[in-house]
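> Okay, so TrEMBL annotates it like this:
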DOMAIN    29-209  domain 'Thiamine phosphate synthase/TenI'
BINDING   GLN58, LEU59, ARG60, LEU61, LYS62, ASN90, THR129, LYS159  4-amino-2-methyl-5-(diphosphooxymethyl)pyrimidine binding site
BINDING   ASP91, ASP110  Mg(2+) binding site
Amino acid sequence: MTDFTDEELALDPHFADQFEQGFRPTCQLYLISPPSIDDAFVGQLAAACDGGKVAAFQLRLKGLDEDAIARAAEPLQRLCADREIAFIINDSATLAHRLGADGVHLGQGDGDPRLARTLLGPKVQIGVTCHDSRHLAMEAGEAGADYVAFGAFYPTTTKPTSHRPDPSILGWWTTLFELPCVAIGGITADNAAPLVAAGADFLAVSGAVWNCAKGPQAGVAAFADVLRSRFDEA
Ligand SMILES: Cc1ncc(COP(=O)(O)OP(=O)(O)O)c(N)n1
Ligand SMILES: Cc1ncsc1CCOP(=O)(O)O
Ligand SMILES: [Mg+2]
């Protein structure tokens with residue numbers, strides 16, 4: 001049995017049920033937006049979510065001010081609320097607070113998670129980028145993060161990356177800590193299996209869904225089998 005709090009489990013309510021049954025939940029999809037979007041994107045997000053279970057959606061828009069991100073967020077946040085998908089804002093705890101988002105993702109240069117917690121309160125999810133660093137992950141956990149994110153596991157064109165963790169960092173983390181861990185960076189349905197097997201609680205995915213030749217619905221659907229695999233092996 002574990003002593004995960006409701007807050008720790010809130011990124012996906014099914015986590016709680018599965019922990020109560022005595023095992024670490026199956027891996028879930030954490031969808032990340034493209035770095036820029038247009039008005040058609042809400043339809044693409046709806047299509048993606050029709051493709052299979054999406055536990056969380058992160059609005060990660062780069063090069064826009066907070067007012068512009070807030071305008072873009074409105075229909076997307078509504079869609080996520082309707083479908084019970086956690087709506088996470090990237091980079092800015094103040095914007096997450098302003099929007100009443102379910103969570104915020106903070107990189108190492110995006111502010112102190114402790115200050116974010118003071119602003120956002122206990123119920124809002126705070127995720128922290130930890131690159132390939134066990135030290136950063138333990139620090140994030142001590143600072144009260146709700147999840148830690150490791151990556152980039154694979155090369156990606158979505159952003160320049162300089163850290164390339166080994167999947168074993170996921171197994172190390174999940175063996176020692178109950179706090180969920182997220183794997184990110186160049187993840188596709190074809191290369192995700194070692195990350196799921198190593199213990200990732202979430203796969204954070206952008207390009208493999210939005211650049212899928214068959215569309216975002218097929219992009220999400222392609223992950224179904226690999227996400228089930230840890231559950232099947234348990
Ligand atoms: C789930 C998740 N993990 C890592 C990141 C990267 O955050 P950061 O290092 O701040 O880089 P940017 O995304 O801001 O370019 C993330 N966004 N989400
Ligand atoms: C935001 C971020 N942080 C590390 S890699 C990455 C990009 C994730 O996008 P993709 O799934 O397209 O590699
Ligand atoms: Mg950031």
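All positions are counted from 1 along the displayed chain.
Even glycines carry a Cβ here, placed using N, Cα and C.
A TrEMBL annotation is a machine prediction, not a hand-curated record.
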> Which residues of the same chain, at least 6 positions away in sequence, have a Cβ lying under 8 Å from the Cβ of ASP110 (Mg(2+) binding site)?
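Counting only residues 6 or more apart in sequence, the Cβ neighbours of ASP110 (Mg(2+) binding site) under 8 Å are ASP91, SER92, ALA93, THR129.
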> Which of LEU59, LEU61 (the binding-site residues) has the most other Cβ atoms within 10 Å?
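Sorting the candidates by Cβ neighbours within 10 Å, the top entry is LEU59.
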> Given the model, what does the mean pLDDT over the domain 'Thiamine phosphate synthase/TenI' (29-209) come out as?
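In the predicted model, the domain 'Thiamine phosphate synthase/TenI' (29-209) has a mean pLDDT of 98.
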> Is any of LEU59, ASN90, LYS159 (binding-site residues) within Cβ reach of ligand 2, i.e. under 6 A, and which?
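List returned for ligand 2: LYS159.
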> Near ASN90 (4-amino-2-methyl-5-(diphosphooxymethyl)pyrimidine binding site), how many other Cβ atoms are within 10 Å of its Cβ?
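Its Cβ shell of radius 10 Å holds 22 other Cβ atoms.
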> Which binding-site residues among ARG60, LEU61, LYS62, ASP91, ASP110, THR129 have CB under 6 Å of ligand 3?
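If the test is a Cβ under 6 Å from any atom of ligand 3, the answer is ASP91, ASP110.
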> Can you list which of the binding-site residues LEU59, LEU61, ASP91 have their Cβ under 6 Å from some atom of ligand 1?
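List returned for ligand 1: ASP91.
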> Are there any residues in the same chain, six or more apart in sequence, whose C-beta is under 8 angstroms from the C-beta of GLN58 (4-amino-2-methyl-5-(diphosphooxymethyl)pyrimidine binding site), and if so which?
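Listed in sequence order, they are TYR30, LEU31, ILE32, SER33, ILE88, ILE89, ASN90, HIS105, ALA204.
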> By Cβ count within 10 Å, point out the most packed of the binding-site residues listed: ARG60, LYS62, LYS159.
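When each Cβ's neighbours within 10 Å are tallied, ARG60 leads.
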